[in-house]
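Down below is the structure, laid out as structure tokens.
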Amino acid sequence: MTLDDLKSNSMKDQPDEKSNGDKAEGPRSLSTLRWRPAALILGLLCLGLLVTVILLIIQLSQVSDLLKQQKVKLTHQEDILEGQALAQRQAEKSSQESQRELTEMIETLAHKLDEKSKKLMELQQQNLNLQKALEKAANFSGPCPQDWLWHEENCYKFSSGPFSWEKSRENCLSLDAQLLKINSTDDLEFIQQTIAHSSFPFWMGLSLRKPNNSWLWEDGTPLMPHLFRLQGAASQMYPSGTCAYIHRGIVFAENCILNAFSICQKRANLLRAQ
């Protein structure tokens with residue numbers, strides 16, 4: 001056996017390292033090939049989850065923005081509603097005040113109307129009374145004749161003239177009267193007021209009589225000293241007589257022959273006045 005044969009045999013007896021190496025690497029290659037699809041799927045799933053998370057974050061951001069906008073709108077609406085409520089409360093308060101003022105005004109007007117109604121009724125009653133008085137006056141001829149003045153129980157007429165005392169007395173008699181007689185201070189005041197604006201003297205029914213030289217009225221009654229005091233020739237007896245006249249409220253004694261106006265007097269017809 002030669003050396004070449006020994007080398008050839010020894011080379012045949014050595015294991016094939018390449019073959020063994022290939023055999024060792026074979027299982028690992030198969031394992032790697034098996035995990036690659038799973039890793040790919042897992043990566044895809046992670047990518048999908050990442051995309052989903054990103055989308056969710058975007059949607060949440062959008063929802064958050066939308067919620068913020070809605071909150072702003074709601075806040076604005078609340079402000080508007082609060083303003084409207086405040087305006088409504090103010091309007092109600094103003095309406096209540098206006099209603100109260102209107103009620104007070106109505107009550108005041110009603111009170112005034114009631115007073116006016118009472119006043120109107122009083123005026124109507126006064127008008128009715130006046131109409132009755134006018135009707136009564138229309139049927140009333142009066143206690144004194146026409147052109148005579150009525151005072152208490154007597155009628156007075158300021159006659160034309162002037163005439164002497166005697167002529168004046170006759171004129172009064174023709175009128176169914178007598179010359180003026182003063183019975184009281186009230187009568188004197190009435191005559192004084194009536195002739196206050198006259199500058200003429202007026203004969204009275206008072207004269208100085210004999211035998212006692214007393215001042216007597218035409219009906220024979222004496223002069224009452226407290227009524228008035230005679231001025232002038234109160235104690236002088238003239239041939240034609242001494243008579244009294246009134247001038248500007250003062251009574252004078254003078255000659256009966258002198259001319260003056262006169263005041264006639266007679267009783268008033270009080271029964272006819274009733």
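Placed from the backbone N, Cα and C atoms, the Cβ positions cover glycine too.
As annotated by Swiss-Prot, compositional bias 'Basic and acidic residues' applies to 13-26. Marked as S-palmitoyl cysteine by Swiss-Prot on the basis of similarity to another entry: CYS46. According to Swiss-Prot, the coiled coil annotation covers 89-142, on the basis of sequence analysis. The disulfide bond annotation in Swiss-Prot covers CYS144-CYS155, CYS172-CYS264, CYS243-CYS256 and is backed by sequence analysis.
Overlay of Swiss-Prot annotations on the structure.
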residue : record               : DSSP class
CYS46   : S-palmitoyl cysteine : helix
CYS144  : disulfide bond       : coil
CYS155  : disulfide bond       : strand
CYS172  : disulfide bond       : helix
CYS243  : disulfide bond       : strand
CYS256  : disulfide bond       : coil
CYS264  : disulfide bond       : strand
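Mean pLDDT for the coiled coil (89-142) in the predicted structure: 82.
For CYS155 (disulfide bond), the nearest of the recorded positions by C-alpha distance turns out to be CYS264; the candidates were CYS46, CYS172, CYS243, CYS256, CYS264. Note on CYS172 (disulfide bond): other Cβ atoms within 10 Å of its Cβ, all shown chains, come to 23. Counting other CB atoms no more than 10 Å from each candidate's CB, the disulfide-bonded residues CYS144, CYS155, CYS243, CYS256, CYS264 peak at CYS243. Of all the recorded positions in the list CYS46, CYS144, CYS243, the shortest Cα-Cα distance to CYS264 (disulfide bond) is found for CYS144.
Comparing CA positions across the recorded positions CYS46, CYS144, CYS172, the one lying closest to CYS256 (disulfide bond) turns out to be CYS172.
Among the disulfide-bonded residues CYS144, CYS172, CYS243, the residue whose Cα lies closest in space to that of the residue listed as 'S-palmitoyl cysteine' is CYS144. All chains included, 10 other C-beta atoms sit within 10 angstroms of the C-beta of CYS46 (S-palmitoyl cysteine).
CYS172 (disulfide bond) is 15 Å away from CYS144 (disulfide bond) when you measure Cα to Cα. You'll find the Cα of CYS172 (disulfide bond) roughly 16 Å from the Cα of CYS243 (disulfide bond).
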